[in-house]
Amino acid sequence: MNNQCRFKFSKIYEEFSFQINIFGKTQLLSRQPILILVIYFILGIFFQDKFSFDVTYIRTLTGICLIILILTFFKNYFFHKAKPYLLCVMFFGIGMALHFYNSFNEQISASGNNTIVFKISKKLNSNEKNRKYEAVVQIEKENFNALLYIPKSEKELDFNHYYKTQAYISKPKVPQYDFQFDYSKYLKRKNIEYQCYTNGGIFSAERNDLSLTEKFSQKRLEVLQNIDGTKMYSKSKEFLKGIILADRTEIDAQTVQDFNKSGLVHFLAISGTHIVVIFGIFYFLLIKILPLKCRKYAIITSLVLIWLFTIFIDFGSSVVRSSLMLSIYFIYILLQRKPDLLHALALSAFMILISDTQQLFDIGFQLSFLAVLGIFWLNQPILNLLPKQDNWLKKIIFNTVSISISAQVATLPLVLYYFHQFSFISILANFFIVPFSEIIIVFSFLMTALIAFNLDFEFMNLIYGYTIDVLLKIIHWFADFKTLFFENIPMDLSEVFSLFVIIFVLRFVILQCNLKNLTRFMMVLSVFFILRLGLDFYENQKDEVLIHDFSKNKVLSIKKNESVCFWINENSDKSKLNDFIIKPYCASRRIKNIKVKSFPSSVQKVVYKDKIYEIK
């Protein structure tokens, strides 16, 4: 077959996965105007989110931005020289203005028991008692977004119906202390202010006003139900739903914990690798069907199919980012322009944030873009350290390993900041598991396609179920290396920025390990450790006594220097207490010694240092 139209998976993988040869020469920021403007746009969003300027300031700022836009068209020497600075100011202002108008400011008064009419907009993770949905709720003439809790005894909801029921409506509680996760703020970023707990029978009426995205969501729900109806192992079903359809709502806690502890959670989440592989499947099939001269149309059709797939799995941020980058990359190819990864990254970020600036505060969004920046910065240097890739198999394996390591290193500061845990076994686990991820993704996509068209082959179900069962056992084996798993790792924002500087300098050490680069690296590393020791010392000088509300009980914590003792009710759920109180507190206060003691449920007050604390 003609080489121009011959599909090589390794070639497709390399092309988007970063055979873009921009590593030989460091591109100066002056050559990345789009990236610089997007950075100022992002800084504007952060600035507005921090200081929350009111409408008067924002209108004034909008006027200034319009004036700057007009000035950029003047062919004056002064304006020509000032144009880069004016554009940076303008994009900073645009970021502030857009975030102001994207901020949630809905004023609706609702509480207590009410009759509600609703439709679901998204299915979320279930808990032990309830299924959880995002829903659009109506009370009388008021419409608002809410988090909906439905008892598992009720039938599953779908997008084809409106529903009516009784529900208790409340606002999420604001956290007591700074170390606790602010769930109310998290929901407000998604334009959700209320939670609804249904407590009556649910009545339904069929809808005839489904939007296109809702039709896709309903079809996705039906495919998920078809997967549930197969004879595969339960864990294999949940894995299949997660890896292709981005539905992890029913995955058991042990499996999620295994993926987290082994550092392979990115394998389960739909990401750039998944999108590239699925694009490769579409492209491969199309060039087999279409004539040789229609390669361009094969690319265009594959991109259209990728976007249909993106809509189908409900516009996950990492999926949208990957689809946008892939589209921008191949638009460069179709226009016969040299592709630029940073341009593609900046444009995709800008497009997503233009539509919703709150996406910037989504952890998945941040990790997703950081991973790509890490690949841009470290992939080629790491690849140079690996053995020579002289055949397609080595190229796939070593490219996959180097990309995985680059992404992990780049996202490590934020992972430590948000989750306060890290496993050294993740490096080894990624080395063994990730090279075979493409095979698993292709197999999973094939199984999903067959099940979607009601083609249920029992022998394929058995093969797939056995394969995933073996994979999950291997991942569980990696996760069981508890000595290599570290949690409650304290991490301050200043330490995060310091780690990013270390990662920036690391590239030069890998490329050229000379005295100059090693000295720079050791200097920034020393700054990080000095900063960390200083923060530890400062925090360990504080003593405090706190009362924590936990479920129907209270918890007393007594901190002295770097040690803390938690006094809990003997009937408390120790596992949940550990996740929601003990771990966050210890990471925030840089605790090294932890004790947990219990007191009888009859105890109502505690006296400590002549002060009385109510614990009932």
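Positions of Cβ are set from backbone N, Cα and C atoms, glycine also.
The domain 'DUF4131' annotation in TrEMBL covers 62-201. Per TrEMBL, the feature domain 'ComEC/Rec2-related protein' maps to 244-508. Annotation comment: TrEMBL describes 34-51, 57-78, 85-104, 264-285, 297-313, 367-386, 398-419, 431-455, 462-479, 491-510 as transmembrane segment.
Through the fold, the transmembrane segment (462-479) approaches residues 232-233, 235-236, 239-240, 254-255, 257-262, 264, 423, 425, 428-429, 432-433, 440, 443-444, 447, 485 of its own chain, all at least 6 residues removed from its boundaries and within a Cβ separation under 8 Å.
Only sequence-distant pairs (6 or more apart) were considered; of these, at least three Cβ pairs between the transmembrane segment (264-285) and the transmembrane segment (431-455) are under 8 A, so the stretches are in contact. Mapped onto DSSP classes, the domain 'DUF4131' (62-201) shows 42 helix, 48 strand, 50 coil.
Listed as Cβ neighbours of the transmembrane segment (367-386) (distance under 8 Å, sequence separation of 6 or more from its ends, same chain) are residues 18, 22-23, 266, 271-272, 317-318, 321-322, 325, 341-342, 345, 349, 398-399, 401-403, 405-411, 414-415, 503-504, 506-507, 510-511. Looking only at the domain 'DUF4131' (62-201), the predicted model's pLDDT averages out at 91.
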